[in-house]
Each structure stands twice: as C-alpha cells, then as structure tokens.
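Worksheet for the structure shown next.
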Amino acid sequence: MSTLLALPLHQSATVLDLATPVDLTRRLAAMGLRRGCQVTVLRRASWRGPLQIRVDSHTELMLRRIHAAFITVSAEVAA
Amino acid sequence: MSSARHIALVGMPNTGKSTLFNRLTGGNARVANWPGLTVELATQRVLLGSQMARIVDLPGIYDLSGGAEDERVAQQFLAATPLQALVVVLNACQLARQLALVLQLKALGAPLLVVLNMSDEARQAGIRIDTAGLAAELGCPVLAVSARLGEGVAELRTAMGRMLQQPDPHTLDLSRAAPAADWHAQEVALWKRHVQHPPTLAAGPTARIDHWILHPAAGLPLFVLTMFALFQLTFALGTPLQDGIGDLFSWFRGAALQPLLAHAPALLQGILLDGVYDGVSTVLSFAPLILLFFMLMAVIEDSGYFARAAFMMDGLMSRVGLDGRGFVMLMMGFGCNVPALMGTRVIRDPRGRRLTMLTIPFALCSARLQIFLFLTAALFTQSQAPWVLTGLYLVSLLVALGTAWLLRGRQICSEPFALELPPYRLPLWRQMFARGWGECRSFLRMASTMIVAGVVLVWFLTHYPDQHNSFAEMLARAMAPVLTPIGIQSEMAVALVFGFVAKEVVLGALAVITGTEGAALAQHLAGSMDHLAALSFMLFTLIYVPCVATIATVRKESRSNWFAAGSVVWSLGLAWVLCFVFYQSARWFFG
C-alpha cells in the first residue's frame with residue numbers, strides 16, 4: 001500500500017482506491033485512471049509541479065501532487 | 001422548405017474531431033494537439049450522396065455530465081437539436097477507456113456511427129481491432145479512419161449519407177443518461193473481446209523525445225529556444241519578402257497611381273494616395289510575415305509541445321494562482337488574444353478562469369508583433385532585433401504572471417485538473433498552410449475594412465481644420481502631459497488612440513501622420529526616436545489595452561461590464577507606470 005505520490009519512478013502499480021474530488025475522479029475515470037488499472041509515474045516536474053503518469057499502456061497524463069496523494073496504489077515487486 | 005438535417009461529431013478531447021471535420025467539409029477549423037481547443041460550435045453544410053446536411057463539430061466531452069463550460073456547450077447542443085446521426089469519434093489507441101461514451105449514447109437510443117480515428121497510429125503501435133465484431137455488438141456501423149491521412153473518409157461519407165435516409169431525427173434526453181461509471185465493466189469486456197494489444201508496448205519515439213523536452217534542467221531553456229527560433233525564422237524568411245512587397249507597392253504608386261491621379265482634385269489625391277494607399281500598403285506588406293509566423297506556430301501546436309509546456313510550467317504557474325493551462329492560453333494569445341480568452345472556458349473554477357482572463361490581454365499578439373517588427377527593423381541592427389523581440393516576449397510573460405500574482409488573492413489555485421499528454425505528431429503541410437492562410441485572410445479582411453476606415457479618419461484628423469492646427473495636433477497637445485514623461489512624442493498620440501481600436505491600424509496611422517510609407521517611414525522614425533524612446537513606445541504598446549475585440553471578448557466571457565472595465569483600467573495604469581519607471585530610470589542611467 002502506497003499513494004501514487006509516494007510511488008517510486010518507473011515502478012508499475014495497481015490503483016486500489018481514489019479519494020479525489022468527485023469531478024476529478026470522473027474525469028480521471030474517463031481518461032482510464034480508475035480502480036484496477038496499472039499506473040507508472042514517469043517523471044515529476046520541477047518546482048513541485050505535477051507528475052507525468054502512464055495509465056495502462058494507452059494514455060499519458062499530468063496530475064498535480066496534491067491530488068496524487070489521494071490515490072492509493074498497491075506497489076508490486078518490479079519484475 | 002427543407003429543414004436542416006444535422007449530423008454532430010462528438011468524442012473525447014483530442015481525438016481528432018476537428019481534423020475529421022475539416023476532411024469532411026473542406027473547412028479550416030483550428031486544429032491543435034491540445035485537448036479542448038474547440039470551444040465553439042463549428043458548422044458547415046455538406047452534400048452527402050444526394051442530400052445536404054449540416055455537420056457540427058462539438059467541443060470534446062469526457063462523458064455526458066461534465067461541468068466545464070466547453071462541455072456544457074456540447075451538452076446543450078445535444079439536448080436541443082434533433083440529430084439525423086451522431087458520429088462518435090474515438091481514438092483507436094484508447095478504446096479501453098473511450099467505448100463507455102459510445103455505450104452511454106447508445107443507451108439513449110441515438111442513431112450512432114462510430115469512427116475509430118487515428119487508426120494509422122493504432123496500426124503502428126501493433127493494435128488490432130475487430131471492427132466487424134464491434135459493429136455487431138454495438139449495433140451500429142464502426143469505421144476505421146485516419147482523418148490526418150484521409151484514410152477511410154470516403155467510406156465514412158457513404159455511411160453518413162445512408163444515415164440521412166432514415167426518416168426521423170432523434171433528440172437526446174440527457175437527463176436519462178446513466179453515469180459513465182456504470183458502463184466501465186461492459187467497456188472493458190468489449191475491449192477485451194475485440195481489441196488485440198501487443199503484450200508490451202516498446203517505449204516509442206514520444207518517450208525518447210520527452211526525455212529531452214521534459215528534462216528537468218534542459219526542458220525550459222529548450223522551450224524558450226524553440227520559440228526564439230520561431231521568431232528568428234519568421235524574421236529571416238519573411239523580411240526579404242516584406243521588402244519585396246514594399247518595393248512593389250512604392251513602384252506601383254510612382255508608376256501608375258500618381259500619373260493617374262495627377263489631375264484629380266488635391267483633396268482626393270491626398271486621401272487616396274497619402275491616406276488610403278500609404279496606410280494600407282504599409283500594413284499589407286506584413287502579410288507574408290503573418291503567413292510564415294502562423295505556419296510555424298501550427299507546427300508547434302500540432303506537435304503536442306504545448307501540453308508539455310503546461311506540464312513544465314504548472315508548478316510555477318500554481319504559485320501565481322494559475323495553472324499549466326493558463327500558460328498555454330498565453331502562448332495561444334501570442335497568436336490572437338480573442339480565441340485564447342475563449343479557450344479559458346476549459347477552466348472550471350470561476351476565480352481561476354477570471355484570473356487567467358486578466359493575464360491574456362498582455363500576451364504579445366500578432367497585431368502588436370507587426371508594430372514591433374517594423375520598429376525593431378527600423379531602429380535596431382539585424383543582430384539586435386531578435387533580442388529586442390525576445391525581450392518583449394519575456395516582458396509580456398512577466399507582466400501577465402505578475403498581474404496574476406498581484407491579483408491572485410489569498411486563494412491558492414488548487415482546481416483539480418488532469419491533462420492528457422498526447423503523443424507527438426508531425427505537422428501536415430495542409431494544416432500548416434490552412435492555419436497560415438486562415439490568419440492571413442482574416443488579416444487581409446481587416447486591412448480592407450477597418451484599416452482603410454482607420455487611416456482615412458487619421459488622414460482627416462491630421463489635415464483638418466488645417467494642416468498646422470489640426471485635430472491631431474490638438475489631441476497631441478492634450479495628451480502631451482501624460483505621454484512626455486514616458487518618452488512618447490506627441491505625434492504618436494493619434495496612433496496610440498487608433499491602436500485602441502485595433503493594433504493593425506497603428507502602422508498605417510503612423511504612415512499617414514508622418515506622410516511617409518515603407519522604408520521612408522522607417523527612416524523618419526529612426527530620425528525622430530532614439531532607442532530608449534522606441535523601447536518605451538513598444539513597452540506601452542505592448543501593455544496598454546490590446547484592442548476593442550479583446551475588450552468585447554473579456555466582457556462576453558466574464559459576463560460583467562465591471563470586470564471588463566477593471567481589466568482596461570488595470571492595463572492602462574500598468575502600462576503608464578511601467579513605462580514611466582523604465583524611461584525615467586533609463587534616461588537617468590544613460591543620460
């Protein structure tokens with residue numbers, strides 16, 4: 001158990017739960033970031049900027065750190 | 001009377017709806033690799049088979065209940081218009097998350113036609129889609145299309161023509177729509193049955209480019225360098241063209257117009273030659289620069305670089321109360337402030353949106369760019385000019401961000417937002433040219449109406465009641481106490497007043513006021529202004545009110561007269577104070 005914010009770079013994990021604001025949760029679901037999907041943090045922007053996240057293998061998106069802190073993921077052991 | 005038969009294009013942001021719309025209609029809706037560019041409805045009548053239909057390009061929607069203003073525009077249209085067909089445009093690479101929208105619409109009984117766009121990209125990524133199976137299960141036609149390459153567009157036309165045969169159009173009852181989340185399980189099942197993915201996707205070229213473009217240290221300098229290269233290239237390629245056109249205009253004046261009008265009354269000669277012709281020809285010589293600038297801009301817009309810029313700048317932007325999207329709007333404002341202001345509709349939080357709207361009028365738009373190109377070329381050396389120009393762009397950004405920082409209030413912008421980072425795409429000549437030509441055409445339309453009217457008016461103001469005591473002189477005298485402390489000569493006052501209406505008029509007005517055009521105007525200005533005065537004039541022109549159209553858009557988008565008035569007062573005040581500080585301190589330092 002970890003949050004998306006704390007997930008080390010380039011480590012794949014499964015999303016367990018989203019406690020983000022309702023609007024954002026809906027938007028993220030439409031972008032494919034929902035319970036059960038695979039996520040990887042590709043990089044973090046400077047000045048405490050957003051995270052670049054790959055969702056499954058089809059979408060890349062940016063998400064602010066304050067919101068990534070509300071997404072729980074299960075970190076798998078990297079193969 | 002046959003009522004219009006409507007066909008709407010719907011889909012998530014950045015699935016290529018506008019590109020497809022252009023393919024189908026031959027129109028030139030603006031396209032960019034940036035989610036949420038279409039904020040207004042673009043419509044076009046098209047002949048499909050033997051029947052006319054009106055095709056409508058809707059702003060992107062993630063589902064049927066989104067709350068941002070651009071999404072509401074789409075929802076309102078869907079709820080109010082009887083549709084002959086609803087073309088759902090999906091990104092073929094992202095079906096795992098886009099099929100829910102189809103299921104949601106299908107449940108409402110809409111006559112659907114599903115387009116799997118970007119099928120060329122899907123093919124390249126090794127994704128195989130069983131379109132026949134999907135069509136059977138969804139109970140509607142499913143077509144693989146690449147709007148960029150034009151693949152499958154003819155088949156789509158035929159299918160759309162068939163939909164027109166259906167007797168009754170359908171109006172959607174959006175209130176009955178089940179939440180998108182209800183469809184997710186079915187979406188995944190559909191996807192698993194009909195889409196084959198390669199087991200692991202190789203890190204594509206996008207990842208390799210991102211490594212440098214988004215590099216923590218090199219990323220931002222690289223972005224600034226890219227923009228600088230764009231200006232430099234515009235200069236290098238455009239200036240010879242501009243000179244050529246200028247020479248052509250002067251030659252035509254001397255060889256044809258002067259002899260032709262030699263026996264006309266002096267008044268008519270004055271208006272036509274010194275007024276309209278000098279003014280308009282000075283302005284028109286900028287057409288090649290406009291064309292080039294926007295063709296190059298289209299390359300950057302189509303590539304997906306702007307979304308990366310939003311990523312890099314969001315941390316900084318959040319500190320001044322904006323977000324990464326605000327930065328991209330500013331970049332778009334570099335083209336024209338009006339569409340950038342409309343683009344703020346993707347921002348949901350009204351405070352955040354208003355703050356972004358306050359910053360956009362400071363974005364150095366193409367109309368102001370003309371003035372600066374002319375003045376920098378006239379007063380600075382070839383090697384200095386690009387630096388002066390880049391400096392002006394930096395000032396434009398700093399003033400915009402500073403404004404946000406000062407007026408942000410106590411609230412830190414924390415609007416929840418997530419933005420897609422689309423894969424990089426190469427520009428198409430077609431789109432580059434469409435963009436450049438589109439801007440050029442609206443510029444020429446301006447030149448033929450507003451600018452002609454403007455320069456004629458300026459000519460009257462400078463020649464009546466008589467040349468030595470004209471209205472322009474009176475205006476100049478009245479404005480002198482305000483303009484002298486910031487180093488702007490009073491003869492520029494009239495140009496600034498007309499710049500309030502449209503910046504495109506300023507150069508034409510200067511040509512009329514000084515009674516010179518083209519190269520002679522440049523020489524006249526070089527003789528009457530030193531570097532500091534020119535910089536102060538450009539600084540003032542950059543910051544004071546952009547143009548009437550921008551003010552009108554601010555009013556329309558904010559739905560508040562007070563907000564629009566406040567925005568104008570703020571920019572006028574700021575322009576004067578900054579120029580005063582700059583000019584007086586520079587004079588003090590350099591004597």
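Just so you know, glycine gets a Cβ as well, placed from its N, Cα and C.
All annotation found in TrEMBL is predicted automatically rather than curated by experts.
Noted in TrEMBL for the protein shown:
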BINDING   B:11-18, B:36-40, B:57-60, B:117-120  GTP binding site
BINDING   B:ASN22  Mg(2+) 1 binding site
BINDING   B:THR25, B:GLY26  Mg(2+) 2 binding site
DOMAIN    B:4-166  domain 'FeoB-type G'
TRANSMEM  B:218-237  transmembrane segment
TRANSMEM  B:257-277  transmembrane segment
TRANSMEM  B:289-307  transmembrane segment
TRANSMEM  B:327-347  transmembrane segment
TRANSMEM  B:359-381  transmembrane segment
TRANSMEM  B:387-407  transmembrane segment
TRANSMEM  B:442-462  transmembrane segment
TRANSMEM  B:474-498  transmembrane segment
TRANSMEM  B:505-526  transmembrane segment
TRANSMEM  B:532-554  transmembrane segment
TRANSMEM  B:561-583  transmembrane segment
Contact between the transmembrane segment (B:561-583) and the transmembrane segment (B:505-526) (at least 3 Cβ pairs under 8 Å, separation 6+): no
Between B:LYS17 (GTP binding site) and B:THR25 (Mg(2+) 2 binding site): CA-CA distance (Å): 12
Selection from B:218-237, B:442-462, B:474-498, B:505-526, B:532-554, the stretch that has most Cβ pairs under 8 A to the transmembrane segment (B:387-407): B:532-554
Range from B:218-237, B:257-277, B:474-498, B:505-526, B:532-554 with most C-beta pairs under 8 A to the transmembrane segment (B:289-307): B:218-237
Contact call for the transmembrane segment (B:359-381) against the transmembrane segment (B:532-554), three or more Cβ pairs under 8 Å: yes
Secondary structure of B:GLY11 (GTP binding site) (DSSP, helix/strand/coil): strand
Number of Cβ atoms other than its own within 10 Å, given for B:ASN14 (GTP binding site): 22
Lowest local Cβ density (other Cβ within 10 Å) among binding-site residues: B:GLY11, B:GLY26, B:PRO59: B:GLY26
Beyond the flanks of the transmembrane segment (B:218-237) by at least 6 residues, Cβ under 8 Å: 212, 289, 292-293, 296-297, 300, 305, 308-309, 312, 373, 385-386, 389-390, 393
Among B:ASN22, B:THR25, the most crowded of the binding-site residues [Cβ within 10 Å]: B:ASN22
Local backbone state of B:PRO59 (GTP binding site), from DSSP in three classes: coil
